[in-house]
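Features of the protein shown, as given by TrEMBL:
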- 35-59: transmembrane segment (TRANSMEM)
- 210-236: transmembrane segment (TRANSMEM)
- 257-284: transmembrane segment (TRANSMEM)
- 304-326: transmembrane segment (TRANSMEM)
- 347-366: transmembrane segment (TRANSMEM)
- 378-398: transmembrane segment (TRANSMEM)
- 433-455: transmembrane segment (TRANSMEM)
- 632-657: transmembrane segment (TRANSMEM)
- 678-706: transmembrane segment (TRANSMEM)
- 718-737: transmembrane segment (TRANSMEM)
Amino acid sequence: MTTMPPSGDTLKLARRLLTVGRVAGRRAEAGGVRYAALLLATLVLALSLGSLVAVHAVYAGKEERRTARTPVAPEDAQARATDATTWLVGSDSLDGERRFSVVYLAPYKGDAPLPPGLDDWPEPGRVVLSPALRRAGAAEDIDHRYGRLAGTIGEEGLDEPSEWLVYVRPRDGLSPERPHAVITGFGPTAGQVSASLEPGSGRMDEKPEWMFQAAVIGMLVLPAVALLVVAARTGAHARDRRTALVAALGGRRPDRALIATGEAVSPAALGAVVAAAAVATAVLGDIRIPYTDYLLSSSHLRPYGWAAALAPLAAFLIILATVVLMDFAPRRDASGTRPRSTSRNTWMFRLAVLCPVAIILAVRGPDLFAADTALRTLTSWAGIAVTILTLPAAIATVTGKAGKLLTRLGRSHGLPGTLVAGRRTSTHPGGTARLVTGVSIALIVLMQAIAWQGLFGAQTVEARHTLDHIGRSLVTVGARGDVSASAMADFLAGAPATEAVLLTPPDGNKEKSGTLYGSCAALTALHVPCPAGETRIDKFPADPRLRELIRWSPHKDPKLLIRRTDDRTLAELAAPTGTGATLAVLRPDGKPLSVPALKRLSHQVFPRGAAVRTPGESELTAGVPNRDQGRWSALFGMVGIAVLATTAGLGAMAEFLRQGRALAPLSALTGRLRVFRTSAAWSVLAPLALAGTAGTAVAAALAAPVSAGGESSLTGGLLVWTAGVVLAVSVLLWVWASRVAIRQAQTWRPSGE
């Protein structure tokens with residue numbers, strides 16, 4: 001019968017075993033590499049788990065604040081409410097940016113309720129802006145666009161600090177008649193909220209939370225798990241022999257677990273501490289996320305601070321558990337005598353030959369089928385899938401062929417480092433394939449994700465073409481609210497050095513064509529006839545401004561009636577709303593108009609201002625959220641690729657250092673250490689660098705058919721950054737591997753092996 005030792009002896013034994021593990025890890029041949037790998041794995045995993053918490057916290061915090069400011073508008077509020085506010089939600093935008101809400105409100109009865117973020121009613125004709133909008137719109141004089149500035153919206157009235165929002169109290173008040181609403185309060189505590197009256201555009205612009213969480217899991221958490229597995233198995237060859245020795249000496253599974261824990265606890269703890277510092281920084285203060293320019297609000301994270309604090313602890317425990325479990329896992333003896341299959345290299349070559357065929361199929365194959373057909377999409381996907389399967393083999397085959405050339409070069413010129421590197425590279429193509437698989441697949445998936453994201457913004461391409469073609473030399477003006485002819489005349493007169501035309505839809509004339517009204521100066525500026533009465537044109541005009549105006553009109557017919565009119569009549573025709581007419585303002589000299597100045601003028605003369613934009617610009621504005629979300633995909637993708645490249649490089653480093661001990665005698669024979677740098681370059685640097693450059697080029701080529709039809713975030717700068725990240729990681733790991741191998745060689749002494 002086995003007797004259990006006393007508790008004091010048990011604790012003493014546990015401490016000794018932990019110490020054994022810590023010392024063994026420090027003295028192992030790849031101990032420093034594994035220490036860094038475990039530290040990085042803990043840090044990346046903790047930050048990835050913390051990112052999941054942060055995403056949920058932000059979405060939950062936004063939802064809470066949006067609900068709290070959503071109006072309550074009972075159907076009988078106008079007749080029965082004692083305290084009420086009139087309310088109307090409009091929108092506006094800055095140049096090249098997403099739309100934001102402009103809310104018009106005025107006290108109606110009694111103690112009129114104010115939305116969160118406003119302490120007092122602004123005076124008539126005054127406005128309250130969010131702080132972020134004031135900063136972003138300073139170049140467009142946003143402080144004076146809607147009226148005189150009365151203050152800024154408090155943080156509790158914004159769904160996040162970076163939100164753009166405007167509250168305007170009109171000079172002449174706001175009637176309770178439709179389309180205005182009469183509201184009696186805000187948030188669920190005041191009654192049943194009316195979602196249609198909610199201010200802010202975030203709910204319409206943002207993707208669902210589950211999509212963002214899926215991106216974090218796929219691009220951050222999974223690469224972190226891959227790094228964890230590689231870190232846990234780094235230096236496994238010597239550790240497996242140690243485990244077998246401990247078992248032979250009677251060591252139990254708990255004893256082996258303590259040794260494995262002692263080896264990993266220090267780097268895991270350090271990684272968790274660094275991650276905890278990063279989490280604490282985000283919880284205590286706002287953080288600007290690079291590349292996306294998003295401001296992560298600490299006010300959203302604080303209610304979930306406990307969950308965020310658990311992320312480093314969870315990562316720490318996951319690391320230790322993984323290390324212990326993988327130490328228990330049975331491993332096939334690497335020194336077995338079973339011969340390896342000689343057909344592996346043959347299959348590797350066959351897969352490599354298929355790679356260029358698959359790329360051609362993915363890039364050019366869809367052209368064989370009509371657009372918008374299932375076969376076109378399936379052909380592209382099939383080519384991409386085969387490319388993913390064959391690209392690692394192609395890269396491995398290329399490096400293997402290069403290894404044979406290096407072998408001949410090293411033998412003919414007496415270069416031992418080149419000879420060793422060439423022999424190793426040419427005889428182990430499978431290892432190279434495993435090394436580059438994760439990086440190449442990640443590059444292809446990332447580029448596809450960004451390209452498809454841009455495809456959803458294809459409607460912006462035509463609008464961008466129009467803006468690039470005519471700039472701001474002509475803009476449309478859509479007055480909001482009931483506009484009188486005198487107000488319209490004041491607007492046209494207040495726009496200096498401009499002319500105006502009015503394009504109306506077919507009104508029953510026998511030609512069933514639209515009509516273009518304008519003064520002789522305006523018509524002449526657009527290079528169309530200036531008749532005494534009216535005339536007709538049957539084709540698109542030569543002036544690009546008028547051509548784009550017609551192209552973006554509802555009827556799009558180039559057949560037009562041209563009618564000469566004076567400014568007073570033009571103002572009378574343009575004033576009524578709901579007629580489908582389009583008022584356009586232009587400069588005769590073709591110079592760009594000041595859109596901010598025209599918007600400010602419109603708010604001075606119209607009840608709720610006007611939408612002033614280039615023809616089709618509304619489509620461009622609608623595509624901005626898609627552009628911003630594409631930046632998140634690019635950011636997460638680059639981080640994930642950096643982690644995967646590090647993972648692959650650390651695995652290659654560990655294998656190189658394990659086999660590199662056999663190179664140590666060469667330093668004594670040759671007296672030079674260049675052999676280690678050369679061998680490390682071909683074992684670590686070359687495969688990763690080739691995967692980064694070739695993988696990026698292939699991924700961009702595969703994404704080209706998708707991104708060609710839309711305004712994609714797949715830019716040249718992104719491609720350079722992506723390849724650069726992999727190259728930077730490969731160079732750093734090569735330098736590190738060389739230094740460690742040289743240090744091992746310098747401490748090597750003959751011992752009869």
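Cβ coordinates come from backbone N, Cα and C, glycine included.
Unlike curated entries, TrEMBL annotations are predicted automatically.
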Considering pairs 6 or more residues apart, do the transmembrane segment (632-657) and the transmembrane segment (718-737) have at least three CB pairs under 8 Å?
yes
Relative to the transmembrane segment (433-455), the stretch among 35-59, 210-236, 378-398, 678-706 with the most Cβ pairs under 8 Å is 678-706
Recorded stretch that, among 35-59, 210-236, 678-706, has the most CB pairs under 8 Å to the transmembrane segment (718-737)
678-706
Which range out of 35-59, 304-326, 678-706 gives the transmembrane segment (347-366) the most CB pairs under 8 Å?
678-706
